[in-house]
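Here the structure is laid out as structure tokens; the discussion comes afterwards.
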Ligand SMILES: [Zn+2]
């Protein structure tokens, strides 16, 4: 049982000074205070990343992934204000997927902290589109039709931790598979798809509730009226996840997506293991060399117009939208913190409110954007930049 702690900072929603009391991992009191604070830090819910492939050299899709890597990445992400995340395992051989899922779930079993940080696993593929464009960087060799027995085998290896699956409903048996996923408590997200508008509609009827990185993992050219992006955008049932790193979607398209679904948009990083590394050239397991340039863009070395994934954190994406004034700080923060959990559980479990879990951050705004000063996970200070400064 943890002792009572009090945090004083400006409420990210109102800019007013508040004190937040936590006990036993939960927020037990919030009150407005009249005293002047000696810092201009803000307090806000912890960030939640539903799609992350790795960070700082650690790769959830590398067969070299070690249990200790999974523990380490939790600490790295806590420094970035991410109190919960969904390691994303992408299309691979059945054996490789099984191995990676086993490593991640074992890491959760071995450490209470890791288990608390990993909300679940996101399986992206292999039941996606074969077609170039929609398939993105996923290996064609391992793309296949949905297979429930295989999924059950993987879910067993994951110790039940697969909570999100990205698939394309263009496969004949998609509807039946989606229904089974939903019944077993797995969120189905449409992505890497070349599905027809009817197939998208059927997937939604079967229970799909999310679109994976809408606008990416698509054909370069689409029919102007009937296409899978508009069909997903038009659905009130689907949440959109968006990679707002400044490179994956042009600002104007991002604005359209956000205006269409102001209450059902979520930011994801889709970060690769190159995120958090210094700029330079790196060897990639998706084939060839990749270049991380000084602006933070990750592209293929031999074709700089081709993105090689994202190399930025969820916090970077928040900063992008705020800096460009595309959305307000409060709305942007919500899309990266409470909206992801609302999409998964029907209602957010990480509100900055009494009775909710004490997963929150203190941050400051300066000319470089938002900087995390402290991260609180289950009521404990798990990262602090304050000590260094004092
Ligand atoms: Zn993807």
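The backbone N, Cα and C atoms fix where each Cβ goes, and this holds for glycine too.
No curator has checked TrEMBL annotations; they are predicted automatically.
Keep in mind that what you see is a predicted model, and the values were worked out from it rather than measured.
According to TrEMBL:
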- 270: active site, proton donor/acceptor (ACT_SITE)
- 124, 192, 213: Zn(2+) binding site (BINDING)
- 137, 216, 217, 224, 248, 307, 308, 309: substrate binding site (BINDING)
- 42-382: domain 'Amidohydrolase-related' (DOMAIN)
Completion exercise
Rounding to whole Å, the Cα atoms of residue 217 (substrate binding site) and residue 124 (Zn(2+) binding site) are apart by 12
Problem - Those recorded positions, out of 124, 192, 270, that come within 10 angstroms of residue 216 (substrate binding site) at the Cα - result: 192
Problem - Distant-in-sequence Cβ neighbours of residue 192 (Zn(2+) binding site), under 8 Å, six or more positions away - result: 124, 125, 128, 129, 134, 135, 136, 138, 166, 168, 212, 217
Problem - Maximal Cα-Cα distance (Å) across residues annotated as binding substrate, namely 137, 216, 217, 224, 248, 307, 308, 309 - result: 27
Exercise for the section: Using DSSP reduced to three states, classify residue 216 (substrate binding site) as helix, strand or coil. Expected result: coil
Practice task
Could you list, ordered by sequence, which of these binding-site residues: 217, 224, 307, 309, have a Cβ under 6 Å from ligand 1?
Solution key: 217
Fill in the blank from the handout: Here the Cα-Cα span from residue 213 (Zn(2+) binding site) to residue 308 (substrate binding site), rounded to a whole number of angstrom, reaches 15
Handout entry: Rounded to the nearest Å - Cα separation of residue 248 (substrate binding site) and the residue listed as 'active site, proton donor/acceptor'
Key = 10
Practice task
With an 8 Å cut-off on Cβ-Cβ distance and a minimum sequence separation of at least 6, pull the same-chain contacts of residue 307 (substrate binding site), or say none.
Solution key: 247, 248, 297, 298, 299
Completion exercise
Keeping only the binding-site residues of 137, 224, 309 whose C-alpha lies within 10 A of that of the residue listed as 'active site, proton donor/acceptor' yields 309
Practice task
Run through the Cβ atoms and count how many others sit within 10 Å of the one on residue 124 (Zn(2+) binding site).
Solution key: 28
Completion exercise
Going by C-beta under 8 A and a gap of 6 or more residues, the same-chain neighbours of residue 224 (substrate binding site) are none
Exercise for the section: Count the Cβ atoms, other than its own, that fall within 10 Å of the Cβ of residue 248 (substrate binding site), considering every protein chain shown. Expected result: 21
